[in-house]
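Presented below is the structure to which this report refers.
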Amino acid sequence: MSTRYLLRAVAPLGGDAVDVLLADGVIAAIGADASAEAGPDAIEVDGAGLVLLPGLVDLHTHLREPGREDAETVLSGTRAAALGGFTAVHAMANTTPTQDTAGVVEQVWRLGRDAGWVDVRPVGAVSVGLEGEQLAELGAMAGSAARVRVFSDDGKCVHDPVLMRRALEYTKAFDGVVSQHSQEPRLTAGAQMHEGVVSAEIGLAGWPAVAEEAIIARDVLLAEHVGARLHVCHLSTAGSVEIIRWAKSRGIDVTAEVTPHHLMLTDEEARGYDPVFKVNPPLRTAADVEAVRAGLADGTIDIVATDHAPHPREDKDCEWAAAAFGMTGLETALSVVQEAMVDTGRMTWADVARVLSSTPAAIGRVEDQGRPLAVGEPANLTLVDPAARRTVVPEEQGTASANSPFRGRQLPGAVVATFLRGRATVLDGRPQDDPDGSLRAAGREATV
Ligand SMILES: NC(=O)N[C@@H](CC(=O)O)C(=O)O
């Protein structure tokens, strides 16, 4: 018999505290029945003051394997995900080789299954080698064991409108979705950061907001024309929020994501020339941060996705122009959303469950994740302590890379436990391959 967990007096999304019993991979009982049915062997978890969320689902994670195992592996990245409260992640396609065939997506899916930390749903590339010329084997990836439903050339934009149209048409056939990295390449050649006052003052080449907005505007019109669904990756500007709002008002089938870092940080961070703040799309202005917060709160932006983009030291500890784009995010996402949206009174924990679990699961067609808290549902759950405060120390995180833009910051909230089909992957804030924390305290990766 698998281990049973009795979660005592947890707050399910703001409701009254209840006991919840996890057994045989599912939520076995809620309320008075839970303690009655628990039996003597159940492990009790004191949930007083804690919030019980459905396990988080990330639609945008870079796991880097195959090809850049010096930055992250499926094992280290998924362990980081579990520590961040996730029970499923979508692994982006910009690996080496590219995830553009059934063989490569199945390899990543298998590595994820064998690691056992979270469910890994590989994203398939839209074009062969992300080169934007020839459509990849979309149908074969969809029909593979990896059951790909999300397709993206992320890191690059599908900028050819004919290729984008074809991708939208083909993905419709198997209920897939194109997740577009919206960046007009000609408008961003050589770009280093957001184009604005700060880029002019510090002398770095700018990435104008219009380069994102022009592609989003084009794509929502293409999606309407074709009758397909479209997902917009890491939306970052006030203008992009307006375009999505307009598209939704016309009934266009579009969803959009914002990253935690775009909810919190601005282009002012670039003034110190620390490449940890170099990311694509770039950190924008305070007005953009306000617009994406408002867009997330009113439902124009559907989800938060991490765009966890680990890079090894040599790709970040260098001058700004030579550094790679990207920042880690799996282990700080929930805290950033708490600080930006919950602690400011703009969202409830039920909203957090929607934007970080049920809606990303729905967009990715992940059937057994993001489910309601009800008897018989798979026990994919995250237990959060909203009153905790912690200082971010990237070297103590599960990810194999240290490029967190939140280094040294105090953030609210902590993941106390994560359960994947009733098995604790994280308990007392510790990964369950290292239950007493000694390996991490010694500065060693546990099994990575
Ligand atoms: N978000 C990033 O800054 N980097 C991503 C790819 C990308 O979206 O450019 C990466 O793979 O490193």
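Backbone N, Cα and C define each Cβ position, glycine as well.
Annotation comment: TrEMBL describes 50-237 as domain 'Dihydroorotase catalytic'.
For ASP154 (Zn(2+) 1 binding site), applying a Cβ distance below 8 Å and a minimum sequence separation of six or more within one chain yields HIS60, MET92, ALA93, ASN94, VAL123, SER179, HIS181, CYS233. In the three-state DSSP reading, ASP154 (Zn(2+) 1 binding site) counts as coil. Under the heading Zn(2+) 1 binding site, TrEMBL lists HIS60, HIS62, ASP154, ASP307.
TrEMBL lists HIS62, LEU63, ARG64, ASN94, ASN280, HIS311, PHE325, GLY326 with the feature substrate binding site. Within 10 Å of the C-beta of ASN280 (substrate binding site) there are 21 other C-beta atoms, taking all protein chains into account. According to DSSP, ASN280 (substrate binding site) is assigned to coil rather than to any helix or strand.
Marked as Zn(2+) 2 binding site by TrEMBL: ASP154, HIS181, HIS234.
Long-range Cβ neighbours of ASP307 (Zn(2+) 1 binding site) (same chain, at least 6 residues apart, Cβ-Cβ under 8 Å): HIS60, THR61, HIS62, CYS233, HIS234, THR259, HIS261, VAL279, GLY326, MET327, GLY329. Under the three-state DSSP scheme, ASP307 (Zn(2+) 1 binding site) falls in the coil class. According to TrEMBL, the feature active site maps to ASP307.
The region 'Disordered' feature in TrEMBL is assigned to 426-448.
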Mean of pLDDT values spanning the domain 'Dihydroorotase catalytic' (50-237): 98
Assigned conformation of HIS60 (Zn(2+) 1 binding site) - DSSP reduced to three states: strand
Cβ-centroid neighbours of Zn(2+) 2 site ASP154, HIS181, HIS234, 8 Å, sequence order: HIS60, SER152, GLY155, SER179, GLN180, SER182, GLN183, CYS233, ASN280, PRO281, ASP307
Those binding-site residues in LEU63, ASN94, ASP154 whose CB falls under 6 A of ligand 1, listed in sequence order: ASN94, ASP154
ARG64 (substrate binding site) CB neighbourhood, other CB atoms within 10 A: 27
Env. residues of Zn(2+) 1 site, Cβ within 8 Å of mean position of HIS60, HIS62, ASP154, ASP307 Cβ: THR61, MET92, SER152, GLY155, CYS233, HIS234, ALA305, THR306, HIS308, ALA309
